[in-house]
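Below is one structure. I have some questions about it.
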């Protein structure tokens, strides 16, 4: 170990000029991507282009954007801390990712995609009515605002810890840049910026892992140190929901947490709908699995290296940092601080995660407010150009609100647990609401509304109660020590006033024994592991929703629109392998045969888009409009080609290079509309 590190000298390192340049560079490049797409697509002034990138994006950038949207600085900071403070049980969350992606790609997203909706909450109106749609969309807005505040606060805290850069100055600079490029560039800017940001995230993570491993003598040495401390174990299979991270909690509790994100979250649904076919949307979701695994397990490996580096001196107990979320930034400055530019690369990595998540959130919130509030209640027939301007204004407004809510995020403690708890408390009830509608055809609007309210009540009681009363963690945190702190000061260890830290090894067996003697907590529901909150949210919403639906007159399955129902037993193994005569009763009277006969297939849509790319503008509009000097407008019919109403260079948005085109028998140019002769 080098001698000029914080745990030896008692002094933390600071940024160099090049580090600041790299940090500023990522903000400039991200903003540049937004302004580039705003300029490039300035003539494609349509809402579909702004919110759905025209509906014709490539698979890879969408897949990378899906990764970046919720693998933010929270994951980058929180995963190594999980290894340092607890154990390797967190590895099992990767199985939860796999199950969540399967559920999202084959249960939830296909329904949204085939309905051709901009807001996921339009589904709720089709299924339950406008009041449920409004309740769901406003719940989502609250969730995303709080989540974005946590995402913005976490890397700003890191920057403050390692450089002394004013905390709220970092919050403001990143928040403003992100808001501006999202508001001007729209979804296409968000997608391409996220591709760049994923590259920055991976570069930063691997730089920290490789250099850190070299400092401790190799990753094998780090893993051995973890074993000796009792942090390495994978055999906690207790079904007790109070155990913080058991196998069952991470796999099944993790499934409900992450399928709420990838299956029904507006930011994810919106990205899936930017792709030209459902199959490509499903491929983009599946491509997330290896990407998420790389980020997760590299983060876990970094956590092992961090523990090995600080195994003789816990920086928190030694007073070098104030929060466990500052642990990784401190480690980066200790091991990368002598290499000019690498600390800047790491902080750029953290802010890449923040920028991608915030831009995704702002774009999705703007879409939801426009579709579910403004259009639903105030201006149903809003014109395209005006709708786009309103969406941009909404992105700016909610960006400012996010900045204000960052102060609340500063009070929540562990950022990883805070974020996942938030998903369980708010996203969990929303998942329950969509699950109730898509899988249980008997549910009605009263069951949906009461189920959502009860679910939110239960989850907030659990989450807030856990935060206030802080029940004992099971198993408790692994032991740390300060016996090796500050040996570089006068050649001897310095006494540190901290809480009692004992340099002994905690084994899983001793943890089990200690847990067996714990007295039961007075409020049992406050003890439930945060990662199970999503499961209880869905269970509450579905059970209450069905009971209320039966009490108020349940919906008859044969009367429901089958496009709104997922034939779950035709999809989920092993039921999907049963013969038709066994599966038919499991559809409960919903008639699914032929429900998509009037919907364009993936192959048909791709063929049409390819054909449109080959056509000239004059080939795809029904009329040519001529404006005479006296102002009279004449329409000259073109030959019919079956592709009218689609612009050659944009697909379905009805606009071509900013000029007048025919749309359903009318021509539009800004606010001017001319009826076809």
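The backbone N, Cα and C atoms fix where each Cβ goes, and this holds for glycine too.
Worth saying up front: this structure is predicted, and the values here are computed from it rather than measured.
Reproduced below are the annotations present in TrEMBL:
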| type | residues | note |
| --- | --- | --- |
| REGION | 632-658 | region 'Disordered' |
| TRANSMEM | 20-39 | transmembrane segment |
| TRANSMEM | 60-78 | transmembrane segment |
| TRANSMEM | 90-113 | transmembrane segment |
| TRANSMEM | 134-153 | transmembrane segment |
| TRANSMEM | 191-210 | transmembrane segment |
| TRANSMEM | 246-264 | transmembrane segment |
| TRANSMEM | 285-310 | transmembrane segment |
| TRANSMEM | 345-370 | transmembrane segment |
| TRANSMEM | 390-412 | transmembrane segment |
| TRANSMEM | 418-439 | transmembrane segment |
| TRANSMEM | 446-469 | transmembrane segment |
| TRANSMEM | 530-554 | transmembrane segment |
Taking contact to mean 3 or more CB pairs closer than 8 A (sequence separation of 6 or more), are the transmembrane segment (530-554) and the transmembrane segment (246-264) in contact?
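When sequence-distant Cβ pairs are counted, the transmembrane segment (246-264) touches the transmembrane segment (530-554), since at least 3 lie under 8 Å.
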Are the transmembrane segment (246-264) and the transmembrane segment (134-153) close enough to be called in contact, which here means at least 3 C-beta pairs under 8 A that are separated by 6 or more residues?
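Contact absent: fewer than 3 Cβ pairs fall under 8 Å.
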Could you tell me what the rest of the chain brings near the transmembrane segment (345-370), counting residues at least six beyond its ends with Cβ under 8 Å?
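Answer is 15, 19, 22-23, 25-27, 30, 47, 51, 65, 68-77, 118-119, 121, 137, 140-141, 144-145, 147-148, 151-152, 154-155, 158-159, 162-163, 174-175, 177-179, 181-183, 186-187, 189-190, 193-194, 196-198, 200-201, 203-205, 207-208, 265-267, 270-271, 329, 332, 336, 387, 390-392, 394-395, 398-399, 402.
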By a Cβ-Cβ criterion of under 8 Å, what residues six or more beyond either terminus of the transmembrane segment (134-153) are in contact with it?
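Result: 72-74, 119, 121, 124, 171, 174-175, 265-267, 353-354, 357-358, 361-362, 364-365, 368-369, 372-373, 376, 398, 401-403, 405-406, 408-410, 412, 415, 418-419, 422-423, 426-427, 429-430, 433, 449, 452, 456.
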Are the transmembrane segment (446-469) and the transmembrane segment (60-78) close enough that 3 or more Cβ pairs fall under 8 Å, when only pairs 6 or more apart in sequence count?
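Counting Cβ pairs under 8 Å, fewer than 3, so no.
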Counting only CB pairs under 8 A, let me know which of 191-210, 418-439, 446-469 has the most with the transmembrane segment (90-113).
418-439
Give residue numbers and ranges for long-range contacts of the transmembrane segment (285-310): same chain, 6 or more residues beyond its ends, CB-CB under 8 A.
1, 7, 59-60, 63-64, 66-67, 71, 75-76, 79-84, 88, 90-91, 93-94, 97-98, 101, 104-105, 109, 198, 201-202, 205-206, 208-209, 212-213, 215-216, 219, 221-223, 225-226, 229, 231, 262, 272, 327-328, 331, 334-335, 480
